[in-house]
Amino acid sequence: MMASSYNAKEEDGHHSGAASHGGPAVAKSKKPDNTAFKQQRLLAWQPILTAGTVLPAFFVIGIFFLPIGIGLFVTSNNIKEFEIDYTGVDLDSPCYSCAKNFSWNSTTPCVCTVDFTLEQPFESNVYMYYGLSNFYQNHRRYVKSRDDSQLYGDLSSLKEPSKECEPYRKRDGLPIAPCGAIANSLFNDTLDLYHIESNGTVNVIPLVNRGIAWWTDKHVKFRNPGGNNNNLTVAFQDTAKPVNWRKPVYELDPTDLENNGFVNEDFIVWMRTAALPTFRKLYRIIHKKSSTTPTLPSGRYVLNITYNYPVLSFDGRKRMILSTISWMGGKNPFLGIAYITVGSICFLLGVVLLIIHHKYDNRNNSADIPS
Amino acid sequence: MARESEEPTKKKKKKKKKSRENKKTRSVLPNTRSKHDDDDAEPNRGCADNKIKTTKYTVLSFLPKNLFEQFHRFANVYFVFIALLNFVPVVNAFQPELALAPVVFILSVTAIKDLWEDFRRHRSDTEINHLDCLVFSRVERGYVEKFWKEVRVGDFVRLRCNEIVPADVLLLSSSDPDRLCHIETATLDGETNLKQRQVVRSFFDLDCDFNPLKYNSVIECEKPNNDLNRFRGYIIHGNGRRDALYKENLLLRGCTVRNTEEAVGIVIYAGHETKAMLNNNGPRYKRSKLERQMNVDVFWCVLILLVMCLFTAVGHGLWMFQYGDKRPVFDVLSPQGTDMSPIMSAIYLFLTMIIVFQVLIPISLFVSIEIVKICQVFFIHQDLDLYDEDTDSHLQCRALNITEDLGQMQYIFSDKTGTLTDNKMVFRRCTVAGVEYSHDANAKRLAMYQEMDSEEEECTSHGGTLPRRDSVSSHHSATAPPVVLRSHSTKSHRRTGSRAEAKRASILSKHTAFSSPMEKDITPDPQLLNKVNECSSQMDLLRFHSQPMSQLPSDLADIIDFFIALTVCNTVVVSSPNQPRHKVRVRFELKSPVKTIEDFIKRFTPSRLTSGSNSSSSSSLVTNRSSNRGCSSVLSSPSADSTLTKLEEEAMMSHSGLDHAFSPAPLCYDGKSWDQEEGELRYEAESPDEAALVYAAKAYKCSLVGRLPDQVTVELPHLGKLNFELLHTLGFDSTRKRMSVVVRHPLTDQITVYTKGADSVIMDLIKPPNTGNSKGKRQKKLVYRTQNYLNQYAADGLRTLCIAKKILTKEEYACWLQRHLEAETAIQGREELLFESALRLENNLQLLGATGIEDRLQDGVPETIASLRQAGLQIWVLTGDKQETAVNIAYACKLLDPEEEILTLNADSQESCALLLEESLHYIQAKFFCSSTEQAAKNFHPANLAPFDIYQPSSLSSSSSSSSHSTPFVVHRLGLVIDGRTLAFALDKSLEDKFLAVARSCRSVLCCRSTPLQKSMVVKLVRNKLKVMTLAIGDGANDVSMIQVADVGVGISGQEGMQAVMASDFALPRFRNLQKLLLVHGHWCYSRLANMILYFFYKNAMFVALIFWYQFYCGFSGSAMIDQWYLIFFNLMFSAFPQLITATLDKDVSAETLQQLPQLYMTGQNSEEYKPYMFWMNMIDAFYQSLVCFFIPYFAYADSNVDLFTWGTPITTIALLTILLHLGVETKTWTWMNWLSILFSVMLFFTVALCYNASCPTCYSPSNPYWTMQRLLQEPVFYLLCIITPVAALLPRYFYRSCQGSLFPSPVQVGRQLDRLPTETRRNILSLSKMKAESPLAHKTHFLSLAKERSSFSCSMTAGTNHSLASQRDEEADRRKPPPTLSDTTVGFYTEAEAPPYTKDPPPESEQQLAPPTAECPDQNASTPLLTHTHSVQLTLPPTGGSRCVKYTRNQEERLDHENVMLHTPQAPLATA
C-alpha cells in the first residue's frame, strides 16, 4: 500500500517535473528541480561486498600476482652479488689494526687488503658499492645539515652558508665549503680491486667513478661556484674545508676537472642521504669489456682499502659489495616473495569465499517469486 | 486647524518632557516640523534610521573580527599553536612557513565562507535598503519617492495597495471609508489572513485627506521591543488631548498592504528597531550527538598522539644514551656546537614529534564536516518529496549542523493540532437548545471527500500548475526569516459537478481562507433547517406586526440566537470572490463603535435606537464616498505595484481596482445582486474554527454578509439583511478560552453579548438556572443535555465549542462600559485591566448550544506514525486538547490501538498521583513482568545479543539494564493517557522516575491538557533521564518551548503562524514529511557523516603511523621520509576530495527501501555506523595498513642505495592509493563523481609531485626532491610496489567486508541487497512485507521483522507442520527481546488487528502456547548468535495473494555450533486457506 503509493509518486515526480519546466506559470515556484543530481538519483554502480561478488576479484588478483612474483623472484635470483665486510672488528680481520688506530686527523693513511674469491663469474656490468650499517644518515638533524644553494654554486651561500649547517657552518671565521654535517662526514675510504689470475699475475680492475651519481644531481643540483672556472682553488678561496676532511673540496679529484669540487660524484652520492641506517652507496662501476669475457671472472681477488672512515665508534660496519643489476635494480628477492605470498593468500581467501558463497550466499535464487 | 499657533510652546514642553522620559518611552515628532529637511534638524535623532545592516563585518573589521571568531574554536588555537611551535629553532620539524600552511588554509576557507555569507547578506540588505516608498517631503509639499534607507522616524509615508510597509508605521489615514487598512502579515507570523489595522482614533473623523503639514501631535510610545503583538503608547495632540494607541494602529515592517488603496502613517520605529527586525534571529548552533561522540575520539587521538610522542622521545633518549660519549658523526651537535644530553634532546624531540604527528589530529575534519553538512542541507532542501505543492513551500533547515541527528532520533514528541491534524476545521454537528442535530448527510458528504482524497491523490498532488504569487522580490527572505507564501488564487471556487474539479478548487483555496469545499459546503440537517426557517418566518411575522421578539417560543429563539451567535461572534472578514481580499462594502450608516460615554448616551437614546434599527436605509452617502476614493486611487495604484514582479497578481489587482471603482454592484448590494453573489462570498478568519462555524451558519441561510468595525451585517431567511451594531469585540485569548461580542440586536434592540468558547469555561459561566420556574427547569435540562452531547462529541474526536448569550440592560452596559473604557485608555497594565473587564462581562450566560467541529487528520498521518514506529521511534503526543478529543485523535491516527489497554492517569493531588503511578507500575509488572523477567534472562544471554540486540536502544540498555538486568523495560502493549494536572504532579521531582518508568513501558503516551511549559518539561525529563535523542514537532506558539528543548526541533509551517518555525531547527510543510526527513535523509546524513568521521580518523592515523614506524629506523630522531610538502598537503589536497564526494553522495540504501523498511532507521538510533569500538577497529586497521605500507617498501629497498626521499615518495604514493582504495571499499554508491574525484586525487598527486620535483633544484630544503618523482616513474619497482602494497593492505578489510556481507549482513546490507533486485521483484517483496507476509529474504525476515516470523510461526503451530522446536524457541526468544521489539511488536499487532485468517488465537494465548518448548532444547542458549544463517528460502505466492506460503530453512554454521534449525512455515494448510 505504502509501496505502491510511493512509487507512483516518484514516477509522477518525473513527468510533472518535465511538465513544470515547460510551463512558465511555475517558473518562479520554489519547487526544487527534478534533476538526478538534486534528487540524489545519479546513476550509480552499487557494489555489494559479499562472498559471491568479491570472489572473482580474489582469484584474479591471485592469478595476476603469482606469475609476477615468480618472475621477480627468478630475476632477483639471477642477480649475482658479492659482499665482504672489511670493518675489522675481529682480531683476525686484516683491517683490525686500521680500525683500532683511528683518528680523523691522522695524516698517514692506513691501508689494509682483503682477499676474497668469486665462485661465479659476473657477466654484465658490475656495480661496486660500499655499504654502511648502523649509520643513521636519516637522522633528522643530520639530514637538514646542508646548504643546497651552496652546493648549487651560489656564491653568496658559499660565503655565508645557511644556518642549517650549524655547527659545521664556519670554521675560524671562514665559511666551510661544503658546509653541514653530511658533507663533514663524507665517506673517504678508497677501495681498489685487483684480480689475481691463476698464474699469479695481479690485474688492476678498472673502476669507473663517473655515472655513479644521478644525472640530474651531477648536472643540475650540484655546481661549482664561479661557473666553468677551471681554477677551483680560486673559486674556493676564503673557504675552509670541513672539519673531518683531509683535503679541501677542490682536491677531491684533482685529475678530473669535471669530477672535482662540488660535482665530485662520490661527494654527490654521499650527499644523497640514505633512507635507512643500513645502506649501500654506489662506489664504482666496472664496465664489461667485451661480450666474450665476463666482467669479473671467477677467481681470487684482492681488495685494497685505504682505511679512513671510522665506524666502530657507533658500532657501524663497512662493507664492499659487488653486484650486477637487472631491470628491477639490485638483488632483492623480497618483492618476488611478497607477490607470491599475497597472490597465494588471495587465492586461498578466494577458495574460502567460494566455500562461503556456496554454502550461504544463494539468496539470489530465493528472490524470484513464482506468480 | 486653528491650533497651529499654540504649537511652539507645546513643542518645547514636550521636548523637555521627552528628555525627562527618555529612559522609558520614545517620543516621535513629525519630521515636517523641522525647519529644514536636513539631518541636523531632525527631531527624532536618537532613533535608528531605516537602513538595515545585517552584515557582521565591514571591509576593515573583517579580518580581525573573523579571526577572533575563528579562534574561539579550540581546534584552531591548537593548530596555530602547533604551527608557531615550528618557529622555535630547537623544535622545528618543518619549514616554519610551510607549517603555517594548513592552518592558514583552514582559516582562510572558513573566512571565505563567512565572507561569502556576509556578502550575500550585504547584497540583500542593499536590495532592501533601495526599495522605494513615498515619503512626505516638506520642501516639495508632497510625497516623493525615497529609498527605504532614507526613511526616518517621524517621516510620513504613503503606502499604496500591495506595497510593503518599510518600517513600523503608525496608521494615521486610510483611503478606506472605515479608516481601516488591511495588511497581510505572512512574512511576520505566516498567517495569511488579512488583518485590519485602524487609523488612530483621533484621525478617524478627518473628512479631507490627511495633510502631514497640519499634523502637530507628539507620539509617546514604548521603546522598541520584539513583541509583535504589543504596542502601547498615546498620542498627544496639539490641544493636549491624549489618545491611546494600540497594536491595531501599527503597521509592521514587512507586512503587505492589501485591499487599501492608500494609507498614510508616521514612522515610529525604523530599521533595526522595527519589531520585525528585532524578531529576526539567526540560525541556531547546536552540537549533534555524532559530533559529541567524535569529540571523544578526537580526545583519544590526542592521547594516542601524546603516547606516540612520548614513546619516540623516550626512544630517542635511549638511542642517544647508548652511544654515550662516543658521539657518532651523524648525531649533529646543537647549533652552538655543544653536546646535548639525551634527556634534553628527548624533551625537544617530544615537541618536535607533536609537530610531525600533528596530522593525527584531523585539522581538516572540522572544515570537512561543515562542508559536508552544507551539502546535506542543500540536498534536503532540494528534495521534491519534502516540497509541498499546495503551499509552495519546502523544508527549511534552520540549524545547519545537526542534520545527522535526524538519523538518531529515539523519541518523538508531537503536538496534535496542526501537526497531526490539518488544523482545518470542518463543521460536523451541533446541539441547540438541548436538541442534537446529527448532520448525518454532512457526515456522508465528508466521507465522500475523504474517499475522493485517497482516490485522487496522484492527480491532485501534481494536478495543475497554480498561479502563484511569488515572494515579493527577495525582500521577505531578508527582512524576516523565510516565510511560506501562499497562493492567492484569483478564481472563485464554485463547485462544479466534477469531483476532480472540486478537488482542484479545494487545492486552490485551501490555504487562502480555510475554505475548501469540504469546509464550505455544509449539508444542513433538514430538521434544523426547518426549524430555522420556521423561526425566521415567525420572526419576520412578528416584525411585520411590530410585536416584540420575546413572544417567540424560547427554543426557536434559541435557535436563531445560536446561529446569530455563530455568525456574529467572530472576527471573520468577508471578501467577495471577484475581488479577492477586497472586502465587500455593505454599509448602511457611518458610525464608529462606542468609544465614549457621551457617545454612548447620545447613541442610545430611544430615538436613535429606533432609527438605527431601521437598517435598510441610507447607504448612499458612504458608497459614494468610497467609490470616489476608489476612483482617485485607480490612477496611482498600478504604478505603486512596481515592486511586484508577479504579473498575474498585478493584473488582478489593477483589474479589481477598476472594478471596484466603476461598478457599483459589489459596493452596494441590493437584494438581487446579492442573491447571485451569495454563494461566492468568502470568509477569512483568524482561526479555522471561526470560518467553519460561519460556513455552518451560512448553510442554514444565516450568512454573514459584511463586517465592519462597528457593525455586522447578517442575512437571515425571510428577514433579509440585519445590521448588528457591533459595540465591542472581546477577542479570544488562551487564558479566557473564549471570545465575546457585544452587539445591539436589530430586532429586539437589546444589547446582547454573544460568547463562544471552550465548553469547560462556558459551562462554568452559565447562569445557575433558577429551578423555581419552568424556564429555569428548562435551562437546567438544557445544560444537562448539552453537557451530555458535549461528552459525546468529545468521544467522537470533535472539537467542541459552546455558544452562549447574555442580555444586558442599558444600565448594566453603561456601568460596564465606563470601566471598560478606563481600562482601554490605561497605559500601564492595560492587558490586565482589559482582561478583568472581559471577566466582568462574561458571566451569568445563557447557554444556547454547542458545536462539534472535526479537526481532520493530515494526509498520511497514520501511515507516517506507523512507519516511524516501525523505525523504533517512540511517539508521544503532547496536546493542549481535552482528554477525550486527544484520545480519539490518537485512535484515528493509529497512535493508540483499539487492541491495547490504556492506562489513564487522572489524579487530583500529589499523593493520589503517586498512588496511581505506583499502581500502574504494579499492574504493568503483574501483567507483563513475569514473562519479561523470564524473557530478560534469555535475552541477556549471549545467544540473543547479536545481531538483534544491537537494536536495543542504547539508552535503555545503558541506563537500566546495565544497572540491573532484572528490570529491563519492555515496551508493552499499553497506552498511557495522562492529563495536564496529573502531569504536573508526575513531573514533580519525587515522582518523575516513577512516571518515566510507567511511561517508557507503554507503547504510546498521550499527555492532554498540557501547557507549553509542561510540554517542554516532559521533553526535558525524557531527554535528560533516559539519555535519548528527542525530536519535538509542533506548529504553534505553544510548542515553541518544547521545540527548543528537544535535541531536534521541527516546526510545521502550517496555519498557526511562524513562531514554531522560527524556533525550530527544521521546518516542514506537513507532518508526513517527517517520514522521509527522518528515515531517508536522517539515515543518510547520519551514515554518511559517521562513515566520513571514521574514515578521517583512519586516514590520519594510517598516514601518521607510517612516520611512527620510521622512527625505529632513524634513531627516533623525528625524521620523516615523507616530504614535508606531501605531509602537510596530503590531508588538505590529495585525499580531501573523494571523501567529501563520498560523504555527500553516498547512499547506503536507496530512499525507497529506507522508507519501506523503516526498521533500517534503527541503525542510526543505535549509532551502529559509528560505535566506540569502531574507532578502535579503524585505528587497528590503520596501524595494520600503515605497517604494510611501510614495510613492503622497507624490505623492497632494504640495504639498497635508495635515498631518504626517493624511498619516501613511493610510500606516500602507496599510502595515498591505499587510502583512496580504502574509501572505495567503504563507498556504497559509485557515481561518476566518485570515479572522477578519485581519479582527480591521484592525478593531482602526480601532477603536483612532478611539478614540485621539477621546479627548483635548490629550494625545499631539506628534502630537496629534485627529479625524484620523475626518476621513480622510470623504475619498474615503483609500479610493482604501487600494485602490491594497497592490495596487501586492504586485503583483510576487503575480506572481512565480503564475509560480513555473506555471513552476517547488517540490516543495512540486506537493504542494499534488496535494492539490487529488479524493481518489480523488490516491489513485490516490499509490498508483501507491508502486507505482513513473510519476506522471501530470509535475512530480512530474520533481522528486520521478527513479528512476521512470529505470526508465521504461530500459524505453523496451528497448522501443525513439522518443524524443529528449537527454532520455535529461538524465534520466540528473539521476538521477546526487550525494547528493540518495539517496532516488531508494532508489526505484530497489526497482524493481529487485521486478523489474518489463520491467526485465531489472541496474542497472549499464542505467546503462552509457544512458551512450553523451551525445555526441549536446553543447549539452545549456548549457540553463537552471529551464525544463524538462512540456508535456503523459497516463497510461493499463489496468484490470489490471499494466502502465502513460505518455506525457509535456517541453520547455524556447523563448525561453531551444532544446531540445525529447520523452520517450515505453513505450507499446505495455508495454500488451501
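Every residue gets a Cβ built from N, Cα and C, even glycine.
TrEMBL annotations: computationally assigned, not manually curated.
Record check: TrEMBL places B:Asp415, B:Lys416, B:Thr417, B:Glu690, B:Lys756, B:Arg799, B:Thr879, B:Gly880, B:Asp881, B:Arg1009, B:Lys1015, B:Asn1038, B:Asp1039 at the ATP site, and the matching candidate among B:Phe732, B:Phe995 is B:Phe732. In this structure, the binding-site residues under consideration are B:Arg799, B:Arg1009, and the one with the smallest number of other Cβ atoms within 10 Å of its Cβ is B:Arg1009.
A gap of 19 Å separates the Cα atoms of B:Asp1039 (Mg(2+) binding site) and B:Arg799 (ATP binding site). B:Asp415 (Mg(2+) binding site) has a Cβ environment of 30 other Cβ atoms inside 10 Å. Close to B:Gly880 (ATP binding site) in the fold, though at least 6 residues off in sequence, lie B:Thr417, B:Gly980, B:Cys1008, B:Arg1009, B:Ser1010, B:Thr1011, B:Pro1012, B:Asn1038, each with a CB less than 8 Å from its CB. Counted over residue pairs separated by six or more positions, the transmembrane segment (B:1175-1198) shares at least 3 Cβ pairs under 8 angstroms with the transmembrane segment (B:1093-1113), which defines the two as touching. Under the three-state DSSP scheme, B:Arg1009 (ATP binding site) falls in the coil class.
In the three-state DSSP scheme, B:Phe732 (ATP binding site) is classed as strand. Separating the Cα atoms of B:Asp1035 (Mg(2+) binding site) and B:Phe732 (ATP binding site) is a whole-number distance of 19 Å. By the Cβ criterion (distance under 8 Å, sequence gap of 6 or more), the transmembrane segment (B:1125-1145) is counted as touching the transmembrane segment (B:1235-1255), at least 3 such pairs being found. Here the transmembrane segment (B:1093-1113) has long-range neighbours at 290, 294, 297, 301, 304-305, 308, 312, 315, 356-357, 359-362, 364-365, 368-369, 1119-1122, 1127, 1130-1131, 1135, 1139, 1169-1170, 1174-1175, 1178-1179, 1181-1183, 1185-1187, 1189-1191, 1194, 1211, 1215, 1218-1219, 1222-1223, 1226, meaning same-chain residues at least 6 beyond its ends whose C-beta is under 8 angstroms from one of its own. Rounded to the nearest whole angstrom, the C-alpha distance between B:Asp415 (Mg(2+) binding site) and B:Arg799 (ATP binding site) is 15. All protein chains shown were included, and the count of other CB atoms within 10 Å of the CB of B:Asn1038 (ATP binding site) stands at 23. Sorted by the number of other CB atoms within 10 A, the binding-site residues B:Phe732, B:Asp1039 start with B:Phe732, the lowest.
Looking at which of B:298-323, B:343-367, B:1235-1255 has the most CB pairs under 8 Å to the transmembrane segment (B:74-92), the answer is the stretch B:343-367.
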